[in-house]
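A short write-up of the structure that comes next.
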Amino acid sequence: MVILDGKKLSNDIKNEITEVVSGMKDRGEKVPHLAAVLVGNDGASLTYVGSKVRACERIGFESTLIHLPETTTEEELLKQVRELNANDDIDGYIVQLPLPKQIDAQKVLMAVDPDKDVDGFHPTNFGKMSLEMETFVPATPAGIMEMLKRYKVDTQGKHVVVIGRSNIVGRPMSILLSKKGNPGNATVTLTHSRTQNLEEFTRSADIIVTALGVPEFLKASMIKDGAVIIDVGITRVVDEEATRGYVLKGDVDYDAVKEKASFITPVPGGVGPMTIAMLLSNTLLARKRRS
Ligand code: GUN
C-alpha cells in the first residue's frame, strides 16, 4: 500500500512555483497577486483562507485578505466583487464558500470576472473545463488529478466511483476523470445521497473519490482489494483531549481501509494541501495570461 503524500507533493509544487516567481522578480516583472474574500467567522473557512494567504507569502506571491462581517448583504459583496474585477493589481481572487444564508452564492460567483476566477467556479470556466478546453480548473479536483499523475496511478479504462455531487468537488471530479488524457479515460459513476445500493458501486470500483463530509463513512467492507482511495472529507469531530478541542476526520475508516487499498490519501496531509498548491498554480496562470 502506498500513502499518497499530499503534503510532500504540494511542497514540490510550491517549490516549482517559487522558482518561477523568483525569476519574475529577477526580471523586474509583477509577481502574482491573489485576493481572498471571507464573509463571516466560520472556523473551518477562517483556517482554510489563512492557509491560502500564508502559502502566498511563503512562495513570494502578493496576497490580500478581505474579511467582511457575517451580516454583509448580497449587494455589499457584489460591490466588493466588482471592485476586485476592476482592480488591475489583482490577478486572481476567490470568494470562500460557504457564504451566509442571506447571500445567493451563485449570483456572486457569476459576477466574478472569468479571467480572475482562479477557483474555476464561474459557468464560463466550468463550461470550458467540461469541453476539455484550457481554463482554471477547481483546485480540489485539479489537485487530485495532479496527485494521480505524479504517483502514476493508472486511471485508463478504470471504474471510478465518486461519492458526492458538489459543484466544488464531486461533479468537476467526475468530468475530469472521464476526459481524454492521462490521468483520465476512466469510466465514472457519480453517486450521491439519493443513490440506491451505494455499496454495489463502491465494491466494484477500482478508484473511489469520496467528498461527503461524513466521518469514517467508507468502511473496509465497502471496497474491493487493491482499490485506490481518495478521501476529500475533512470534518471537525469534538475531542476534549485534543489541543484544539477537535480532531480532523476524513470520510474513510482509514486504519481498516488502508489494509485493503493499493493507494490511499491520509487526512490531514492528503488532498487538502494539494488544493492550496493548485490554487497557487491557477493564480500563476492568471498572472501569466494577463502579462
Ligand atoms: N470552500 C471549500 N472549498 C473551497 C474552495 O476550493 N474554494 C472556495 N472559494 N471555497 C471553498
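Placed from the backbone N, Cα and C atoms, the Cβ positions cover glycine too.
All TrEMBL annotations are machine predictions without curation.
Sequence annotations record features per position, and here TrEMBL assigns NADP(+) binding site to Gly164, Arg165, Ser166, Ile234. Under the heading domain 'Tetrahydrofolate dehydrogenase/cyclohydrolase catalytic', TrEMBL lists 4-119. If you look up TrEMBL, you'll see 138-289 marked as domain 'Tetrahydrofolate dehydrogenase/cyclohydrolase NAD(P)-binding'.
Site extent for NADP(+): among the recorded binding residues Gly164, Arg165, Ser166, Ile234, the largest C-alpha separation is 16 Å. Counting residues of the domain 'Tetrahydrofolate dehydrogenase/cyclohydrolase catalytic' (4-119) by DSSP class, helix then strand then coil, yields 61 helix, 19 strand, 36 coil.
Long-range Cβ neighbours of Arg165 (NADP(+) binding site) (same chain, at least 6 residues apart, Cβ-Cβ under 8 Å): Arg171, Ser174, Leu190, Thr191, His192.
Taking every protein chain shown into account, Ser166, Ile234 are the binding-site residues, and of these the Cβ with the most other Cβ atoms within 10 Å belongs to Ile234.
Cβ contacts within 10 Å of Gly164 (NADP(+) binding site), excluding its own Cβ and spanning all protein chains shown: 23. In the three-state DSSP scheme, Arg165 (NADP(+) binding site) falls into the coil class.
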